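Peer 1: Here it is, the structure in full.
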């Protein structure tokens with residue numbers, strides 16, 4: 001049998017955060033979800049998460065993963081103490097236990113497969129990952145022979161000056177034979193500078209220990225503070241950009257752009273500087289995004305041009321131009337061949353094919369037909385102080401500049417709305433709707449300053 005245990009009980013004090021370290025985000029996904037994803041194909045018989053600090057928050061974050069089991073570690077007295085909590089849970093378990101850290105988010109499934117393969121061929125009591133670091137400060141040192149057989153692991157705080165010169169470090173990823181480990185766990189001692197129970201102390205007490213040195217040390221990079229979090233974010237973003245550039249996406253200034261792992265792209269896409277994609281996005285062929293554009297949870301068809309704009313939870317069809325400085329809010333659906341210009345905000349609305357909203361307008365809770373021209377400064381006044389009301393604008397309708405449509409209202413097909421009109425009543429098809437106050441001109445008018453002279 002095969003079990004996995006993820007250590008996720010720590011406070012992460014160096015992160016200076018109000019929520020658990022394992023819930024920090026990288027490219028839109030938490031550290032712990034990244035760790036879980038790295039081993040989801042291993043198909044364990046038991047999948048355990050050891051929680052402690054803000055345990056409820058961690059469990060709530062993972063609530064959709066019903067196959068996980070949770071074990072509380074209170075208080076937190078080190079990695080050895082964490083695994084001790086498994087003794088009653090795995091009392092009758094026979095097999096291998098893979099121990100992972102919830103704050104090591106870049107680990108690849110292929111590396112874990114290599115670890116498992118070496119463990120099986122060596123028949124060792126424990127096989128673990130190691131990394132050779134140029135600056136090993138803070139990491140436990142691994143002392144082994146040329147056959148990768150490990151004599152001991154010494155934590156950094158307990159290393160002598162000579163031992164600190166060793167650059168081979170413990171990556172904290174272990175594969176144990178559980179029937180051997182469970183007999184050693186109760187014997188662990190906290191006689192060390194940290195006064196904690198180290199899981200590494202169990203290794204020297206096991207019959208055989210083997211280490212596997214990783215090819216890429218970035219995979220075992222831990223996240224303990226904001227600087228390390230930023231470093232991991234940069235590594236992920238670089239990997240994502242390189243992947244999509246190999247698939248036909250151009251980044252004008254790659255390092256200024258960020259994308260989520262859920263984002264998908266077609267080909268011949270150009271992404272300008274300072275463009276950011278979050279959540280589940282799909283970008284069709286021949287699109288051009290940016291510069292200075294933010295897109296979240298949105299789907300864009302082919303040949304869409306978005307410049308200096310924000311899109312959130314939108315559906316945009318093909319051959320649409322958006323921006324600069326447009327804001328498309330959730331539940332906005334834009335049909336093909338539309339034009340949305342500068343300083344336009346659209347919320348929870350549908351725009352029919354070929355419709356233009358070129359400048360300085362707010363369209364909210366509206367159904368706008370095909371080939372409609374929304375004049376500059378047109379506003380759909382959708383909120384009456386109690387509820388949001390709907391505006392319907394028919395096909396081939398034109399609204400003049402500075403029009404206000406007070407919802408609920410239905411403007412028919414082929415309607416012309418005169419500039420400066422404020423409409424409160426429905427307008428039938430083929431009509432001219434105009435509502436203005438009478439223009440009043442007073443000739444020879446003098447200002448107050450002129451009158452006082």
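A Cβ is built for glycine as well, from the same backbone N, Cα and C atoms used for every other residue.
Straight from Swiss-Prot, here's the annotation block:
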ACT_SITE  359  active site, proton acceptor
BINDING   7-10, 21, 73, 78-79, 140, 155, 170, 224, 329, 347, 362, 373  UDP-N-acetyl-alpha-D-glucosamine binding site
BINDING   103, 224  Mg(2+) binding site
BINDING   376, 419, 436  acetyl-CoA binding site
REGION    1-226  region 'Pyrophosphorylase'
REGION    227-247  region 'Linker'
REGION    248-453  region 'N-acetyltransferase'
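Neighbours and distances for these, please.
Peer 2: Neighbour density for residue 359 (active site, proton acceptor): within 10 A of its CB lie 18 other CB atoms from the protein chains shown.
Secondary structure at residue 9 (UDP-N-acetyl-alpha-D-glucosamine binding site), taken from DSSP and collapsed to helix, strand or coil, is coil.
Neighbour list (residue 224 (Mg(2+) binding site), Cβ cut-off 8 Å, at least 6 residues apart, same chain): 12, 14, 15, 21, 103. DSSP assigns residue 224 (Mg(2+) binding site) to coil in the three-state reduction, placing it in neither a helix nor a strand.
Look at residue 419 (acetyl-CoA binding site): DSSP puts it in coil. If you take the C-beta of residue 419 (acetyl-CoA binding site) and look for same-chain residues 6 or more apart in sequence within under 8 angstroms, you find 375, 400, 401, 402, 403.
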Peer 1: Taking only C-alpha atoms and a 10 A limit, tell me which of 9, 78, 140, 170, 329, 376 are near residue 359 (active site, proton acceptor). These are the binding-site residues.
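Peer 2: Qualifying among 9, 78, 140, 170, 329, 376: 376.
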Peer 1: Can you give the mean pLDDT for the region 'Linker' (227-247), rounded to a whole number?
Peer 2: 97
Peer 1: Please list residues from the chain of residue 140 (UDP-N-acetyl-alpha-D-glucosamine binding site) whose Cβ is under 8 angstroms from its Cβ, counting only those at least six apart in sequence.
Peer 2: 153, 154, 155, 156, 169, 170, 200
Peer 1: Validating a neighbour-count step here. Other CB atoms within 10 A of the CB of residue 362 (UDP-N-acetyl-alpha-D-glucosamine binding site): how many?
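Peer 2: Excluding its own Cβ, the number within 10 Å is 20.
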Peer 1: In whole Å, note down how far the CA of residue 376 (acetyl-CoA binding site) lies from the CA of residue 9 (UDP-N-acetyl-alpha-D-glucosamine binding site).
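Peer 2: Between the Cα atoms of residue 9 (UDP-N-acetyl-alpha-D-glucosamine binding site) and residue 376 (acetyl-CoA binding site), the distance comes to 56 Å.
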